[in-house]
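Annotation comment: TrEMBL describes 41-61, 73-96, 116-137, 149-171, 177-198, 205-223, 238-257 as transmembrane segment. Sequence annotations record features per position, and here TrEMBL assigns domain 'CAAX prenyl protease 2/Lysostaphin resistance protein A-like' to 116-217.
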Amino acid sequence: MSSDRQLIVFAVALPALVLPTVALAVSQGADVNHIESAPVSAQLALYGQAFLPAIAALITTRRLDWGFRRAPWRILALALALPVLCAGLGHTVAWLTGAARFTPVPAWEILQGLPGLAFFLLLALGEQLGWSSLLAVRLARTFSRAATAVIVGLAWSAFHYPLMLFVPGAVDSDVPVAYAVLWFTVDTVAMAFPLVWLRLRTGSIWPVLVFHAVLNVSLYHVFTPLTSGGSPWLVGEGGALTASVTVLVVLATWRLWRGGPVAGRGEDAPVSAGAR
């Protein structure tokens with residue numbers, strides 16, 4: 001199957017998988033803010049969404065280059081540092097400008113959330129097998145890296161739209177959904193640039209998984225507990241300040257992640273599907 005046909009199959013298969021899971025969660029009365037109180041079926045539907053891009057990728061092709069090969073330690077360190085910088089700087093600016101309050105919490109409360117990195121790595125794997133190992137690699141055969149990053153970012157954003165539009169708690173009730181969707185899209189497209197570049201530079205999915213998982217841990221288990229009274233118009237997913245800082249960080253660090261292929265394992269390296 002040609003790359004173009006694979007992209008079409010993926011574009012059809014993914015919404016066909018996503019929409020029923022959202023419908024199930026809504027029908028079960030799920031609320032993102034109280035997901036632990038939702039019926040088990042609704043929880044499975046919401047958490048299981050993370051694996052739908054991978055399932056759509058496997059529906060699309062059996063010759064998926066999973067990308068489970070070694071990446072240089074300096075690239076992994078960069079993949080770890082960038083999301084911490086994005087989340088940390090965004091919240092720090094919010095604290096300093098009064099857009100949110102810094103609320104100290106005991107260090108052990110922060111540390112006990114760090115084992116969640118393994119869980120977020122698993123969820124990131126479910127998403128990035130679709131976004132990075134299929135979509136980015138196939139698009140890069142036809143488009144420039146910049147165009148590939150924009151398309152991947154838009155697809156990644158759109159994947160979350162049904163959740164944001166229909167599931168209570170996904171968007172703060174004080175913010176118009178359209179506003180949150182707009183800034184969430186800006187944020188996600190910006191993050192797609194280093195993700196796409198790192199995947200294509202190294203031929204490895206590991207930098208992408210580290211970036212994605214560390215971003216979620218930083219947001220949900222580190223900086224969110226340290227923040228209170230934040231304006232949802234500015235802070236958090238769908239906040240203008242958060243998205244703007246992400247864009248600035250990506251632009252400021254572009255020399256770090258835009259380098260050429262690493263150790264000959266870029267997107268043009270002749271690697272077999274599933275090679276480690």
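Backbone N, Cα and C define each Cβ position, glycine as well.
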Quick one: do the transmembrane segment (73-96) and the transmembrane segment (149-171) have at least 3 Cβ pairs under 8 Å, skipping pairs fewer than 6 apart in sequence? no
For a three-state summary based on DSSP, what are the helix, strand and coil counts in the domain 'CAAX prenyl protease 2/Lysostaphin resistance protein A-like' (116-217)? 84 helix, 0 strand, 18 coil
Is the transmembrane segment (238-257) packed against any residues at least 6 beyond its ends, judged by a Cβ distance under 8 Å, and which are they? 78, 82, 85-86, 89-90, 93-94, 97, 99, 164, 171-172, 175, 179-181, 183-184, 186-187, 190-191, 193-194, 197-198, 201, 230-232
Taking the domain 'CAAX prenyl protease 2/Lysostaphin resistance protein A-like' (116-217) alone, what is its mean pLDDT? 96
